[in-house]
Amino acid sequence: MKNQLRGPPVRAHMSTSGAAAAGGTRAGSEPGAGSGSSAGIGAGATTGAGAMPCKSAEWLQEELEARGGASLLLLDCRPHELFESSHIETAINLAIPGLMLRRLRKGNLPIRSIIPNHADKERFATRCKAATVLLYDEATAEWQPEPGAPASVLGLLLQKLRDDGCQAYYLQGGFNKFQTEYSEHCETNVDSSSSPSGSPPTSVLGLGGLRISSDCSDGESDRELPSSATESDGSPVPSSQPAFPVQILPYLYLGCAKDSTNLDVLGKYGIKYILNVTPNLPNAFEHGGEFTYKQIPISDHWSQNLSQFFPEAISFIDEARSKKCGVLVHCLAGISRSVTVTVAYLMQKMNLSLNDAYDFVKRKKSNISPNFNFMGQLLDFERTLGLSSPCDNHTPSEQLYFSTPTNHNLFPINTLEST
């Protein structure tokens with residue numbers, strides 16, 4: 001079966017606000033709610049002038065090994081979807097909707113009330129004053145709160161807990177660092193093949209791997225996959241290309257053209273649906289009747305409007321997953337076009353901001369490198385969906401900045417929230 005989307009290449013003109021993807025705070029840092037008290041800081045905690053108290057990944061590992069976390073209360077401040085995918089053992093999730101976050105900022109909402117699980121509520125209530133409370137987000141490394149800066153979720157919760165008399169700290173390096181170094185203490189719901197890479201991403205959407213594709217002709221072809229593969233703009237496939245498709249969600253796999261032609265791989269992962277995001281690569285098993293195909297005729301080029309196909313692509317992925325069939329999303333190298341479609345799917349189906357969706361995919365597949373213009377289309381898609389990061393931490397007048405991957409010139413952007 002084949003379901004091919006047809007349409008002429010459309011040049012995507014990006015607005016000033018959509019010309020780059022946003023960062024926000026510096027990589028590895030995030031604004032805090034205040035300086036906080038340094039009382040009760042024990043071994044493994046570090047502070048500096050104005051710094052919020054933290055504990056190291058090594059300290060947490062030793063606590064879990066020695067006492068099984070009996071003297072700890074771990075609070076995961078990431079979005080619920082990321083917590084469900086993987087988290088540190090014994091952690092309680094504290095993802096906060098924007099409305100509740102505003103109430104929390106005003107001081108009229110107890111932290112216990114934002115914990116959804118009754119058993120976790122009781123555990124928090126009985127241990128928050130007696131145990132060491134350790135909060136973590138995705139990747140905060142060193143945190144120097146800046147005067148007047150709006151509070152992040154992590155900063156807001158940490159400050160409130162310390163104001164309430166709790167011995168509260170944040171985990172230096174966040175979940176990414178701890179999982180990289182001590183994965184045996186993390187609980188995950190994804191296949192082992194999608195384990196995060198050894199280089200954790202920062203909590204801010206990193207565009208260092210993005211490319212502004214060369215101005216090649218619209219007639220370029222993906223017909224053959226050479227032994228030394230390149231994306232259609234001539235960018236080489238990174239040497240860290242995974243050997244097999246990567247599981248992003250249950251039944252959703254991200255891969256390359258080679259994966260789509262390997263029956264052993266398709267059978268191993270139960271893949272019956274294949275989304276081919278290229279104009280000319282063949283659907284290898286189209287006539288056998290065993291696989292359902294959809295083809296999106298888009299080249300990896302700045303002029304291409306991939307976003308026009310988001311609704312059909314998302315519907316195709318949903319159809320496969322609803323039938324509990326594996327669906328492979330691939331382009332040529334599996335780093336640009338297919339990544340863009342996968343990120344769009346996470347944004348719509350999981351209500352993730354572009355920051356969170358991008359980081360979610362990058363944790364599974366470290367070598368992603370979307371076309372820079374495709375990221376602009378994802379920013380527009382984020383606006384269409386009305387999404388924002390869970391921090392909800394800047395006013396409309398604030399400007400966020402990010403640099404291009406080529407010359408590091410700064411471009412202002414005001415649509416993407418940092419996490």
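Just so it is clear, glycine is given a Cβ too, placed from its N, Cα and C backbone atoms.
Taken verbatim from Swiss-Prot:
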type	residues	note
ACT_SITE	Cys331	active site, phosphocysteine intermediate
BINDING	Cys331, Leu332, Ala333, Gly334, Ile335, Ser336, Arg337	substrate binding site
COMPBIAS	15-30	compositional bias 'Low complexity'
COMPBIAS	31-41	compositional bias 'Gly residues'
COMPBIAS	227-240	compositional bias 'Polar residues'
DOMAIN	68-187	domain 'Rhodanese'
DOMAIN	244-387	domain 'Tyrosine-protein phosphatase'
REGION	1-41	region 'Disordered'
REGION	216-240	region 'Disordered'
### Summary
Taking all protein chains shown into account, the Cβ-based neighbour count within 10 Å for the residue listed as 'active site, phosphocysteine intermediate' is 29
### Task
Determine the Cβ neighbour count for Ser336 (substrate binding site): the number of other Cβ atoms within 10 Å of its Cβ.
28
#### Entry: For Gly334 (substrate binding site), the three-state class that DSSP assigns
coil
### Message
Can you break down the domain 'Rhodanese' (68-187) into helix, strand and coil residue counts using DSSP?
### Response
50 helix, 22 strand, 48 coil
#### Entry: Composition by DSSP (helix, strand, coil) of residues within the domain 'Tyrosine-protein phosphatase' (244-387)
66 helix, 24 strand, 54 coil
### Summary
Filtered by Cβ under 8 Å and at least 6 apart in sequence, the residues in the chain of Arg337 (substrate binding site) near it are Val277, Thr278, Ile296, Ile298, Asp300, Leu306, Cys331, Asn371, Phe374
### Query
What mean pLDDT score does the domain 'Rhodanese' (68-187) have in the model?
81
